[in-house]
Amino acid sequence: MGIALCKPERDAAAKNRQIETQIRIENQANKRKIKMLLLGISDSGKSTIVKQMRVNYCNGFNETEVVNAIFLIRNNIIDAFKHISLLILDSHIIKSDTEKVLLKLFAFESQKIEMMQEVDELRLINSIRVLECISVFFEHYSYHPMIPDNIHYFFPHLERIAISEYMPTVEDLIHMRQTTLGVHEISFDYQTQTIRLIDVGGQKTERRKWIHFFEGVTAVMFVCSLSSFNQATEQEPNNAFAWETSLNKVQNKILVRSTGKAKQRPGMVNRLDESVDLFTSIRENNFLKSSNFMLFLNKIDLLGKKLETIQFVNHFPAYEQWITNDNSVQSVAEFIESMFREGLDADQKIYAHLTQATITTNIEYTFGLCCDVIFNKNIETLSLE
């Protein structure tokens with residue numbers, strides 16, 4: 001004859017079963033969650049990819065975001081004309097005295113323009129866009145490294161944008177530049193999984209925050225701008241990789257690549273070199289040893305445009321020794337990919353993709369390829385447990 005449980009014991013046993021069931025449910029749910037980190041230096045196209053994810057898998061942009069984008073897009077345009085004006089004023093491009101007045105206004109008082117009444121701001125934008133010297137600039141110097149990439153999209157649309165009734169399209173928001181400060185996370189369902197995509201600022205001052213998100217990462221999506229090969233940024237005396245102060249420092253060998261670095265300028269660092277060194281530092285991080293690495297070699301379209309007039313070997317002399325050292329997009333892209341693979345451990349894999357983040361279908365397709373790899377690896381891992 002069995003021993004009957006008293007009521008308190010029956011209640012406790014039932015509660016334990018309930019807790020165990022809940023734990024099993026949560027464990028199963030956690031196995032379906034994929035944590036992805038989106039990393040890269042500033043202006044690599046990270047935020048554009050996040051916006052594409054929102055368009056493809058979330059609800060896109062709300063009304064408030066669309067209205068706010070009006071001012072951000074116009075500020076993007078004013079900022080672009082600021083840099084263009086500075087270059088024209090310092091060039092041999094012919095400009096009349098009247099044109100010089102407008103160029104100097106944009107070059108040296110762009111912030112004042114941004115603070116003007118809308119009618120005055122639009123009048124100035126519409127005035128500068130039709131200047132003869134601006135047309136000459138775009139004909140000969142449109143891919144100068146100081147010019148923001150998105151002006152190539154916005155300039156042909158200025159007649160539509162520079163009116164008081166303007167309302168941004170989804171395409172406009174995709175091309176809009178906005179510096180990522182802090183951490184932004186979106187979650188969405190993809191097939192049978194829940195994706196947590198975490199985007200952290202690419203500015204050097206923001207990188208110290210990255211370490212807090214390295215634990216439990218399934219995949220790292222690292223974005224590099226292929227078109228940054230002829231761009232430079234100021235070199236800071238402090239360590240660019242802030243987390244290294246508390247973790248194992250990156251070995252010096254990664255800073256001397258057999259593929260070679262760019263020609264150095266005093267006090268400056270090539271942005272492509274900066275991207276490669278940052279990627280290697282992340283890949284060497286102990287927290288991410290078991291993570292999948294997806295390398296987005298972005299802005300393939302802009303690379304092609306630049307290579308029409310710029311010789312890659314003039315910026316990376318080691319390219320002369322490359323197998324196919326012509327100035328083609330394919331050859332240059334393969335060389336750049338090899339820079340990221342330098343010093344790769346035998347058991348580490350990098351899945352590289354050529355991307356154009358401003359094209360929705362391109363990112364949708366590439367993201368699908370990445371997820372196929374990640375999901376298959378997850379299945380392999382779970383089958384071993």
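Cβ atoms here come from the backbone N, Cα and C positions, even for glycine.
According to Swiss-Prot, the feature N-myristoyl glycine maps to Gly2, an assignment based on sequence analysis.
Positions annotated as S-palmitoyl cysteine by Swiss-Prot: Cys6.
Marked as domain 'G-alpha' by Swiss-Prot on the basis of sequence analysis: 32-385.
Long-range Cβ contacts of the region 'G1 motif' (35-48) within its own chain (Cβ-Cβ under 8 Å, at least 6 residues beyond either end) map to 149, 174-175, 177-180, 195-203, 210, 213-214, 216-225, 228, 271, 274-275, 278, 282, 296, 298-299, 355, 357-358. Summarising the annotation, Swiss-Prot assigns region 'G1 motif' to 35-48.
A helical conformation is recorded for Ser47 (Mg(2+) binding site) in the three-state DSSP classification. The number of other Cβ atoms within 10 Å of the Cβ belonging to Ser47 (Mg(2+) binding site), over all protein chains shown, comes to 24. Per Swiss-Prot, the feature GTP binding site maps to 40-47, 174-180, 199-203, 298-301, Ala357; the stated evidence is similarity to another entry.
What Swiss-Prot lists as Mg(2+) binding site is Ser47, Thr180, and the listing cites similarity to another entry.
What Swiss-Prot records for 195-204 is region 'G3 motif'. When averaged over the region 'G3 motif' (195-204), pLDDT in the model lands at 81.
Nearest by CA distance to Thr180 (Mg(2+) binding site), out of the binding-site residues Ile174, Val200, Asn298, Ala357, is Val200. It is 9 Å from the Cα atom of Ala357 (GTP binding site) to that of Ser47 (Mg(2+) binding site). Across the binding-site residues listed here (Ser44, Asn298), the residue whose Cβ sits among the most other Cβ atoms within 10 Å is Asn298. In the three-state DSSP scheme, Gly40 (GTP binding site) falls into the coil class.
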